[in-house]
Structure formats: structure tokens, C-alpha cells
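Participant: Just lifted these from Swiss-Prot, have a look:
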- LYS162: active site, charge relay system (ACT_SITE)
- GLU252: active site, proton acceptor (ACT_SITE)
- CYS286: active site, nucleophile (ACT_SITE)
- GLU464: active site, charge relay system (ACT_SITE)
- SER26, ILE27, ASP93, VAL180: K(+) 1 binding site (BINDING)
- GLY150, ALA151, TRP152, LYS176, PRO177, SER178, GLU179, GLY230, THR231, VAL232, THR233, GLY254, CYS286, GLU387: NAD(+) binding site (BINDING)
- LEU246, LYS457, GLY460: K(+) 2 binding site (BINDING)
- CYS286: cysteine sulfenic acid (-SOH) (MOD_RES)
- GLU248: site 'Seems to be a necessary countercharge to the potassium cations' (SITE)
Amino acid sequence: MPRFAEQQLYIGGQYVAASSGQTFDSINPATGEVLAKVQRASQADVDRAVASAAEGQKVWAAMTAMQRSRILRRAVDILRERNDELAELETLDTGKPLSETRYVDIVTGADVLEYYAGLIPAIEGEQIPLRESSFVYTRREPLGVVAGIGAWNYPIQIALWKSAPALAAGNAMIFKPSEVTSLTALKLAEIYTEAGLPAGVFNVLTGSGREVGQWLTEHPGIEKVSFTGGTVTGKKVMASASSSSLKEVTMELGGKSPLIVFEDADLDRAADIAVMANFYSSGQVCTNGTRVFVPRMLQARFEAKVLERVKRIRLGDPLDDATNFGPLVSYAHMESVLGYIEKGRSEGARLLIGGTRVSDGDYAKGAYVAPTVFTDCRDDMTIVREEIFGPVMSILIYDSEEEVIRRANDTDYGLAAGVVTRDLNRAHRVIHKLEAGICWINTWGESPAEMPVGGYKQSGVGRENGLVTLGHYTRIKSVQVELGGYSSVF
């Protein structure tokens, strides 16, 4: 019997039954336990949610900036009060350790909501003088109803990253979480309602991307789609959104990010960064630095330091506070990652550690894969070219700065990049040549609310977080005012 009651859709400020009559299972990837039956939205439910959002958006947009700001700040307070219970639910649903969800997922999501709540009164237009008798002013107006489509690795954080700027700008949002991890997005909807958000301004539709996601991207009542997920799916979403009604899109997609260690680097720091950039969240982070470039002269020393740290990783029950490495999100994803590991072996990469499923005792019930490090990798290997989205580090050896920059950029992706060096002149010089939207110097992975997040090339379109993102959720109206006479040519 499932641990939780059957999960309904959230439309118009309340839970409602899906008209499809169908459900799917939410599975705990650490144990195989069915957490809940989750209702599958139908196309009629999408229509119902869009209609509810359109009505709610009118009420929301008519409120003053300070009224909207206070409601979102109240939601921030509730999120922080319920941090621990939300973190436990996120851990059950994703398999991520409590040591992570308790201090990152809800905390950073609430930070983003607080950031945008504070910016609401600053959404303003311009006044442009033309001549003594005439001027132009601009208004930043909300788009209306927008859709957010989330990924399974950071469910509530992504829901907050997408909804915070959208709601701050006066829009309503219909959010579709990944069918793999749907539970905390529904809790977020409850919190928004409790905080005073008008009915319909934040709706949650659960179901598959192939169905619900596509219906949202095609719906004529939706003005924008913000999607987080894989590049292949992102291309489909973008094509559907543009062909249906020229919707605006924001895409945060895949990555195969380079981490470059230079010969003057503090090797202990470099190894710490490399391990964090590959094994945090069991490697299921889009910005992970999975291509680790190391100077030939440092290869043996660097590998030894990485191995020392990987052996300290505490794989275990994600509900145990001592655990810092949990299972992958699902059995299907585990099989995908194991397939890539086998590819690495068959294509000639040298395995330093890991490379197997962990199936001793109770671990056999879960989707556990050991932290894996390959070295002597080549740029043409599958594990180097394709996004694995799992705990697999590829070490590549280089001989010159010019060479490593060229090879680091030799990818279809451009989400993130980083360098480790004591020479800040070199750090900035190299970073400015790397084709990536998010870059780190002597660190990795932090994405504060103030920092725009997004990729180059096939890693995305537009940005999330930061001041710039508010512009993605408004449209500019230009108004000319003439105070003097008017002369017709006719």
C-alpha cells in the first residue's frame, strides 16, 4: 500500500480529480517502495487549468506591487518553516540524501522567491523625451498565462526558480513537474495558496511530458514556456511552442561541462572541486563538470587525490544524516548510466574506481551506482561526448593552454565551465575564451539567486535567476503622448 494518499491535480487554488481516471506510481528509488499513486492529467484538465489561470492572472496583475510582494514573502516564510518536512519528502521522491535536500533544495528555492519578491516594486518602464510637446513612455506588462515544465533532479527548487520571476512579474503559471518526482510541486501549490495567492495563479498538472507537456506547449492560451530538461526534448518543446502560437521560450538544457586544472593549481582544492562537480547529487546535476582536463605532468598526483576523496564518499540510505551519496532517481535511469559505463570500458577508457551497480543487501532494492572515475579518456569517446547525468567522471590529459581551450569548446553543449589556478590573469583569460554561460574560477556549482543561469549553444535559450529574468516574463508597451498640435498630410 502506498505511503501517501492518491495525489490529485492542483487547479484553481484546490485539489481536483483528474478527468482521465488514470494514475501513475511515484517510486522511492532507494527502496522501490510506491510512495503514492499520482493522477494523470488529461487534455481537458489542461484546458481547465488554463482557464483558471487566465481568471486568476487578472486578479493577481490588478494587485499593487507591494501586495504581490507581501504574498510571495509570506510564501517564503512558510517554505522556511516547513523546510525539514519538505526536505524529507524530496528525499523520498528523488533519492537525494537528507544532508543535501535539507540544506539546498528548499533553502535555495526560497532564496530565489525572496529575491524576486523584493524586486516587484522595481518593475518599471521608462519616460523618453522627444521634443517639448511630446514624449514616449514604456510599460512592462505581464505576459499572462505561462507554463513551467520541470526536471526530476531538483523538483521544488526548479518549480520555485520558474514560478518566482513569473509571479513577481504579474503572470499566472501552470507547472508540470517531472512524472518521476511530482510530490513537492504539489506541496508548493498548497503553500502559495496558504500565503494568499489568488486561486488559479499557480496550478500543478501531473503527468507525462509526451502528453501534458506537449498539450501545454501547444495550447493557444499560454504565452510562454520555461522548460528544464534534456536537449533532445528541449528541441521538441521549442518547435511545438513556436509552431503553435509563437510562444516565448526559456530553455535550461543539457551539459557536458569542462573543468580545467592548470599546472599551478592547489591540487587538493582541484580534487575537492572535481569530486563535488561530479558526485554531488549522485552526479545528477546539469552543470556538472564531467570532463576534467588535467596537465600531463600532474596526472598521477591528481588521480591519487581524486581516488582518496571518492573512497571517502558515504553511500547509503538517503534518510540517514551520515549519507552524502544516494541512489539515482529511477531504475530506468540507473540502467542508462550503467550502459554509458560499459561504453567507457569498451571504448578504451581506464577505470580507476567504481563502474558497477551497488547491490549488496538492502541496496539491491535501490537504484545505486558506485561513484565512477575513468581516466585516459579521448575526446571522441561516448562518455566524453554525451551527457550521462550520473556519477561518472572522465579525466582527460592535455599539454598546453591553447590545446585545452580548443578541446574544452569542442562540444555541442555550453552550459558551464570552470578553471582551477592560482594565476587570476590566466583564469580570466581562459574563462573569456570558454563557450559557456555559467563559469566558475576556483570553485564549482553555486547558483545564487542574483546570478543568471543558462547556457550557450545547445545548452539553452534565455536565463533563469538574476535581474535579467524578470524581462523574460514581461512585454514592453511603448506609448507616445503628443501635447501639442497635430498636422495631417491630407
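Cβ coordinates come from backbone N, Cα and C, glycine included.
Tell me about the setting of these features in this model.
Facilitator: Of all Cβ atoms in the shown protein chains, 26 besides its own fall within 10 Å of the Cβ of LYS162 (active site, charge relay system).
In this structure, GLU252 (active site, proton acceptor) is part of a beta strand by DSSP. Non-local neighbourhood of GLU252 (active site, proton acceptor): PHE227, THR228, CYS286, VAL453, GLY454, GLY455, SER459, GLY460, GLU464, each in the same chain, at least six residues away, with C-beta under 8 Å from its C-beta.
Cβ neighbour count for CYS286 (active site, nucleophile): 25 (other Cβ atoms within 10 Å of its Cβ, all protein chains included).
A simple way to gauge crowding: the CB of GLU464 (active site, charge relay system) has 24 other CB atoms within 10 angstroms, across all the protein chains here. DSSP classifies GLU464 (active site, charge relay system) as strand under the three-state reduction.
Every protein chain shown contributes to the tally, and the Cβ of ASP93 (K(+) 1 binding site) ends up with 27 other Cβ atoms within 10 Å. Following the DSSP three-state reduction, the secondary structure of ASP93 (K(+) 1 binding site) is helix.
DSSP gives GLY150 (NAD(+) binding site) a coil state; it is part of no helix or strand. For GLY150 (NAD(+) binding site), applying a Cβ distance below 8 Å and a minimum sequence separation of six or more within one chain yields ILE158, ALA159, LYS162, PHE175, LYS176, PRO177, SER178, ALA185, THR228.
A simple way to gauge crowding: the CB of GLY460 (K(+) 2 binding site) has 28 other CB atoms within 10 angstroms, across all the protein chains here.
Annotation for GLU248 (site 'Seems to be a necessary countercharge to the potassium cations'): same-chain Cβ neighbours under 8 Å, separated by at least 6 residues, are LEU143, GLU223, LYS224, VAL225, ALA241, HIS472.
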Participant: Can you give me the Cα-Cα distance between TRP152 (NAD(+) binding site) and SER26 (K(+) 1 binding site) in Å, rounded to a whole number?
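Facilitator: Just about 12 Å between their Cα atoms.
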Participant: Cα within 10 Å of GLU179 (NAD(+) binding site) is the criterion; apply it to the binding-site residues ASP93, LEU246, LYS457 and give the hits in sequence order.
Facilitator: none
Participant: Considering Cα atoms only, can you say which of SER26, THR231, THR233 is the nearest neighbour of LYS457 (K(+) 2 binding site) among these binding-site residues?
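Facilitator: Sorting the binding-site residues by distance from LYS457 (K(+) 2 binding site), the top entry is THR231.
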Participant: Name the one residue among THR231, THR233, LEU246 whose Cα is closest in three-dimensional space to that of SER26 (K(+) 1 binding site); these are the binding-site residues.
Facilitator: THR233
Participant: Please state whether DSSP places CYS286 (active site, nucleophile) in a helix, a strand or coil.
Facilitator: coil
Participant: What does the structure give for the C-alpha distance between LEU246 (K(+) 2 binding site) and ILE27 (K(+) 1 binding site)? Integer Å is fine.
Facilitator: 36
Participant: Residues with Cβ closer than 8 Å to the Cβ of VAL180 (K(+) 1 binding site), same chain and 6+ apart in sequence?
Facilitator: SER26, TRP152, VAL329, SER330
